[in-house]
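Chemist: Quick one: this structure, given as structure tokens, is what I'll be asking you about.
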Amino acid sequence: MAFVNENFLKLQANYLFADIAGKVKAYKEACPDAEIISLGIGDVTQPLCPAVCEAIRKVADEMSSSPGFHGYGPEQGYAFLREAILKNDFLPRGIDLCIEEIFINDGAKSDTGNIQELISSDAVIGVTDPVYPVYVDSNAMNGRTGEKDARGRWSNVTYLPCNAENDFIPKLPDRTIDVIYLCYPNNPTGTVITRAELQKWVDYALENDVIIFYDSAYEAYIRDAEIPHSIYEISGARKCAIEFRSFSKTAGFTGVRCGYTIIPKDVTAKTRQGGSIALNPLWLRRQCTKFNGASYISQRAAEAIYTPEGKAQIRSVIDYYMHNADLMVSTLRGLGFDVYGGENAPYVWMRTPADISSWQFFEDMLLGANVVCTPGAGFGPSGEGYVRFTAFGTHEKTAEALRRISEWTEDLRNN
Ligand code: PLP
């Protein structure tokens with residue numbers, strides 16, 4: 001008889017964005033004429049850039065001939081893409097990596113979930129709170145998180161609150177953890193980490209044998225020259241950090257699917273016998289067993305963003321989204337809301353007024369302005385009292401959503 005993995009039963013029935021979609025759908029059914037604008041889920045809206053489309057057309061021609069056909073590729077990714085990544089994303093920042101340390105994947109979500117397979121099942125994880133839900137949920141599926149309390153906190157997870165009171169800077173944990181997930185620029189708060197703060201984390205990890213899982217899916221949105229793009233800009237990080245990158249938000253690849261994970265050869269974990277073992281060869285072993293590589297087509301498409309045209313084209317799309325972020329920050333602040341993030345990230349994090357819960361604010365704004373945001377509580381206990389807006393809409397829809405929010409807020413104040 002097969003018994004279910006009961007860890008799944010401890011999870012909320014739905015992933016956060018499925019819950020939101022359900023509520024929006026119910027509202028749409030009740031009010032079919034409502035024109036809803038979503039500033040909720042973080043999917044992009046702008047088309048792939050011409051350099052990427054040209055590469056995809058070229059690869060379709062190539063694959064249509066016998067000599068150009070590509071079947072299974074290397075599990076860790078094609079050398080042409082790994083070399084382009086090394087040359088463009090790391091060497092110019094003085095980061096010392098080699099291509100065996102780069103693993104191409106089908107997007108960062110899979111690997112931020114899968115990476116925990118390298119760590120023992122009793123490892124204690126720490127997360128900044130609020131946080132991208134995948135880190136905690138994927139550990140819960142493996143039974144690593146304990147039991148959930150009424151506030152939605154897992155007993156075996158160390159939560160490091162990040163809120164307006166501490167300027168969104170997580171404190172180092174005061175109890176033992178084995179792994180810490182850091183995400184900068186942060187989803188959902190849109191805040192960033194300084195070099196000095198990140199150095200504190202690397203020093204802490206080295207002193208305490210902690211591994212850092214560093215998610216920099218939004219690094220392309222950093223505008224401040226002082227903010228690190230990669231954890232490997234920080235001295236010592238090669239020994240304790242694994243980094244996740246994604247082309248999804250950098251180049252609109254949410255539907256193409258391609259990203260990469262960096263596992264330096266110096267990152268080790270302890271064995272029960274008292275030794276230590278490098279994680280890089282274990283991940284290669286894992287990938288060769290469970291992953292048949294990202295598609296040749298998506299890897300050629302990703303390569304195109306490193307050409308001079310590709311670089312300029314993706315930069316202009318990022319600037320397009322950041323124009324939305326600027327408008328959201330200035331409009332919402334102008335309305336008197338407390339607003340954070342949005343300067344080096346495509347997310348704006350806003351405190352809900354008058355102690356309104358984040359789900360209540362979500363519903364009030366959906367009904368009152370027909371605009372969707374994401375309730376902060378869906379990202380963890382410390383997200384309560386906040387909502388997230390994304391900058392990934394079109395200029396027109398973002399401006400219209402902000403106009404409606406302004407009108408709705410004025411109406412509330414006048415009534
Ligand atoms: N990491 C963070 C912090 C994200 O917000 C997302 C997507 O929203 C991902 C990873 C997943 O990206 P991908 O599309 O590469 O799977």
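Cβ atoms are placed via backbone N, Cα and C, with glycine included.
From TrEMBL, here are the annotated features:
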type	residues	note
BINDING	Tyr15, Gly42, Lys109, Tyr132, Asn187, Asn292, Arg388	substrate binding site
DOMAIN	35-405	domain 'Aminotransferase class I/classII large'
BINDING	Tyr72, Ala108, Lys109, Tyr132, Asn187, Tyr218, Ser246, Phe247, Ser248, Arg257, Asn292	pyridoxal 5'-phosphate binding site
MOD_RES	Lys249	N6-(pyridoxal phosphate)lysine
Chemist: Based on a Cβ-to-ligand 1 distance below 6 Å, what subset of the binding-site residues Gly42, Tyr72, Asn292 would you report?
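Modeler: Correct list: Gly42.
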Chemist: Using the residues the record lists for pyridoxal 5'-phosphate (Tyr72, Ala108, Lys109, Tyr132, Asn187, Tyr218, Ser246, Phe247, Ser248, Arg257, Asn292), what whole-number Å value is the largest Cα to Cα distance?
Modeler: 34
Chemist: Can you give me the Cα-Cα distance between Tyr72 (pyridoxal 5'-phosphate binding site) and Arg388 (substrate binding site) in Å, rounded to a whole number?
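Modeler: Cα-Cα, rounded: 40 Å.
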Chemist: What mean pLDDT score does the domain 'Aminotransferase class I/classII large' (35-405) have in the model?
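Modeler: On average, pLDDT over the domain 'Aminotransferase class I/classII large' (35-405) sits at 97.
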Chemist: Quick one: Cα separation, Ser248 (pyridoxal 5'-phosphate binding site) versus Arg388 (substrate binding site), in Å?
Modeler: 19
Chemist: Measure from the CA atom of Lys249 (N6-(pyridoxal phosphate)lysine) to the CA atom of Gly42 (substrate binding site) and give the result in Å, rounded to a whole number.
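Modeler: Lys249 (N6-(pyridoxal phosphate)lysine) has its Cα 9 Å from the Cα of Gly42 (substrate binding site).
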Chemist: Using Cα coordinates, what distance in whole Å links Lys109 (substrate binding site) and the residue listed as 'N6-(pyridoxal phosphate)lysine'?
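Modeler: Here the two Cα atoms are 12 Å apart.
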Chemist: Sequence gap of 6 or more, C-beta under 8 Å: which same-chain residues meet both conditions with respect to Lys249 (N6-(pyridoxal phosphate)lysine)?
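Modeler: In sequence order, Gly42, Val44, Ala217, Tyr218, Ala220, Tyr221, Pro346, Phe392 meet the Cβ cut-off.
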